[in-house]
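K.L.:
Sharing the feature lines straight out of TrEMBL:
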- 21-135: domain 'HIT' (DOMAIN)
- N46, Q109, G115, Q116, T117, V118, H124: substrate binding site (BINDING)
- 120-124: motif 'Histidine triad motif' (MOTIF)
- Y145: site 'Important for induction of apoptosis' (SITE)
Amino acid sequence: MSTSQQQTQPLSTTASLSRQQTIHFGPYPITSQIFLLTPLSFALVNLKPLLPGHVLVCPLQPHKRLTSLSPEELLDLWQTVQKVQRMLARHYFPEPHSPEQGSFNIAVQDGAEAGQTVPHVHVHVIPRIRGVTEKEGDKVGDELYERMAGEEGNVGGALWDREVGKRPAGQGKFDRIEDAERMARGLRDMEAEAELYRGVLEEMDKKGRRG
């Protein structure tokens with residue numbers, strides 16, 4: 001077992017988060033929205049989720065591009081993505097609550113021209129729940145990617161609206177979907193979701209220790 005795997009743990013309460021260093025997503029402090037912290041990565045709930053369970057996984061260091069990560073950071077980032085997938089499967093997918101009971105969109109917008117609006121590497125992890133949010137089988141494309149690159153997925157724009165008041169435009173190559181009136185969630189809602197996911201992770205860890 002790697003060092004990162006041994007030390008990975010959910011942050012169980014808002015109080016425990018406040019004892020940690022302030023963690024930023026790009027320039028934005030998001031410490032209370034984090035539900036999983038490792039030595040090199042963190043996972044947080046999304047200000048503007050496209051579907052239920054849409055979360056982000058980031059390196060602790062604010063690298064702007066994926067190619068800037070060290071081998072250790074890259075390994076830890078994707079191990080954290082896997083753990084987050086298992087956690088989301090446990091919460092959203094039917095028994096036996098494994099990732100194979102549903103599907104996931106895993107996406108990285110690497111650079112402004114790809115639609116990245118927060119200059120901090122982040123992996124989108126989006127569960128696709130059978131019979132609820134799954135992609136329709138007869139469609140060649142997937143509207144979710146268009147939404148991610150359009151205004152609905154403009155996480156940076158929503159953060160700027162809240163913190164600065166000036167919105168950067170997404171620059172993805174997909175057709176834009178203008179939805180500037182779509183409201184970002186409040187902090188209490190995001191903290192409640194983060195607390196929920198911490199509880200699921202704690203259950204997973206307890207089961208792992210017993211098993």
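Yeah, the Cβs are placed from backbone N, Cα and C, and that goes for glycine too.
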K.L.:
Along the domain 'HIT' (21-135), what average pLDDT does this model show?
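P.N.:
That stretch averages a pLDDT of 94.
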K.L.:
With every protein chain in view, what's the tally of Cβ atoms within 10 Å of the Cβ of H124 (substrate binding site), excluding that atom itself?
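P.N.:
Around H124 (substrate binding site), other Cβ atoms within 10 Å: 22.
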K.L.:
Counting across all protein chains present, how many other Cβ atoms fall within 10 Å of the Cβ of V118 (substrate binding site)?
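P.N.:
I get 24 for this one.
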